[in-house]
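Annotation comment: TrEMBL describes 6-122 as domain 'Response regulatory'. Residues annotated as 4-aspartylphosphate in TrEMBL: 57. Positions annotated as domain 'HTH luxR-type' by TrEMBL: 141-206.
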């Protein structure tokens, strides 16, 4: 028999959070103790309720999912954590693991994958997508001659995945101005004049 699991959800998109809650509450052994709309509220709810598991959006206001995960790992290590994200970017998955998350799920996952991940994480396992890093390595090798920095290579990797400047800023926790500056430096080093030229250049490189 499956032991009871107490969960707190955190997501600033109310409709999405309510949908997850509705799915989970169809499972007899799961109790959703509450929904937090931002990272600070989540910390307060975790301290008050002491659940088995926190499922949190990576892009919450006040304190984002990674910042909260770091606090949980330090101050409430008995609480397991699963990060929710709209993106399957390898860098973001690696970052979540390094901050102490126990699992990582796409927001597009189905109910079966959600419940399986919860079961495994509560049992003490780690549960992260196995994503190939070949493309990132290929970019690193192909652009070595242009003396791009590690950060510029990260941004180039995201550009190649069709990320906008705002999405890059969100996922690397940079300001939009910093991303624009890096992007300008990349264009200068590659001697390109427009985003369309960069797209063609990436295609010519076979990436």
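The first residue you see is number 1, and the count goes up from there.
Backbone N, Cα and C atoms are what each Cβ position is placed from, and that goes for glycine too.
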Distant-in-sequence Cβ neighbours of residue 57 (4-aspartylphosphate), under 8 Å, six or more positions away: 10, 11, 12, 13, 65, 84, 85
Residue counts (helix, strand, coil, in that order) that DSSP gives for the domain 'HTH luxR-type' (141-206): 49 helix, 0 strand, 17 coil
DSSP residue counts for the domain 'Response regulatory' (6-122), split into helix, strand and coil: 54 helix, 27 strand, 36 coil
